[in-house]
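Annotation source TrEMBL lists active site, proton donor/acceptor at CYS70, CYS182. The substrate binding site annotation in TrEMBL covers ASP7, SER8, TYR39, GLY40, ASN71, THR72, THR183, HIS184.
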Amino acid sequence: MKIAFFDSGLGGITVLNEAMKRMPQEDFVYFADTAHVPYGMKSKDEVLTFVKQSVDTIIQEEVKALVIACNTATSIAISELRRIHHIPIIGMEPAVKPAVEMNRSSGKRVLVFATKLTLQEAKYRELVSRIDDMGMVDSVPLPELVQFCENLMMDGPQIVDYFKTKLAPFDLSNFGTVVLGCTHYPFYRGVLSQILPNHIQIVDGSIGTVNHLMQVLQDSNQLPGTGNGHVKWMCSSLDDAYIKKMEKALAFLQAVK
Ligand code: DGL
């Protein structure tokens, strides 16, 4: 049985990469909803429909767990998916909680990057109002970054200029942590760490999500598996060129360390 990962496009590969490092004896299936990426600028109803359709396809594979490796899809569809499907479904949310805890004693601020849809959803607003009792959190959407990523533009002057423009309104000396609350964004961790002042830490949800996934599999005696790290790539637009793109995106992450 495989472990499935789902995202609108390439973003969830940042979570898959973490899972592959930690669980070399598993096989995986990765599904990208290429017919509808990006989700972040679409309506809630559209995204709910697209996610349900995608998961109906994924579930045809022999899978022992499904990771919704997309903050946007999680915030819109996770409850509905868990109601329909009876396999473990692991979702993601921007890592606001650990970021706020990290900065509580210093009083530094937290900058959360995520999609427009994630930031406007009740799930995110409730998360922030529950955790951010000192009003430390600023939230900024980065819609163009998903497009850059989908075009495999992972670095270069255009990306650097883009981040500089988005960061310009903020006095970064007041910030302690940047949260990457969209799974496409960790592809830019390297570029971002060169632009941000050294004292700012960058966090994303992939380690926490894989910890949770492993715990769920452990609790149901499904670890270790009998696989060897094979990934079956799938996408909704049946596009062979996109399969190559997914392999390239994974190779980019694997080359980092
Ligand atoms: N990777 C996704 C997320 O984590 C969504 C990006 C998009 O399709 O806009 O939110």
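Including glycine, each Cβ sits where the backbone N, Cα and C put it.
ASN71 (substrate binding site) falls within a helix when secondary structure is assigned with DSSP. According to DSSP, ASP7 (substrate binding site) is assigned to a strand segment. Across the structure, THR183 (substrate binding site) and CYS70 (active site, proton donor/acceptor) place their CA atoms 6 angstrom apart. Across the fold, the C-alpha of SER8 (substrate binding site) and the C-alpha of CYS70 (active site, proton donor/acceptor) stand 7 Å from each other. Those residues of the chain, other than ASP7, SER8, TYR39, GLY40, ASN71, THR72, THR183, HIS184, with a C-beta within 8 angstroms of the mean position of the substrate site C-beta atoms are GLY9, GLY11, GLY12, VAL37, PRO38, CYS70, ALA73, THR115, THR118, VAL146, CYS182.
Around the Cβ of CYS70 (active site, proton donor/acceptor), the number of neighbouring Cβ atoms within 10 Å comes to 33. Sequence-distant neighbours of THR72 (substrate binding site): residues of the same chain at least 6 apart with a C-beta under 8 Å from its C-beta are SER8, TYR39, GLY40, VAL47, ALA114, THR115, LEU117, THR118, CYS182. Close to HIS184 (substrate binding site) in the fold, though at least 6 residues off in sequence, lie GLY9, LEU10, GLY11, THR14, LEU145, VAL146, CYS149, GLU150, each with a CB less than 8 Å from its CB.
For GLY40 (substrate binding site), other Cβ atoms within 10 Å of its Cβ number 25. The two recorded residues, ASP7 (substrate binding site) and CYS70 (active site, proton donor/acceptor), have Cα atoms 5 Å apart. In sequence order, MET92, GLU93, PRO94, ALA114, THR115, THR118, GLY181, CYS182, THR183, GLY205 constitute the residues six or more apart from ASN71 (substrate binding site) in its chain with CB-CB distances below 8 Å. Using a 10 Å radius centred on the Cβ of TYR39 (substrate binding site) and all shown protein chains, the other Cβ atoms total 28.
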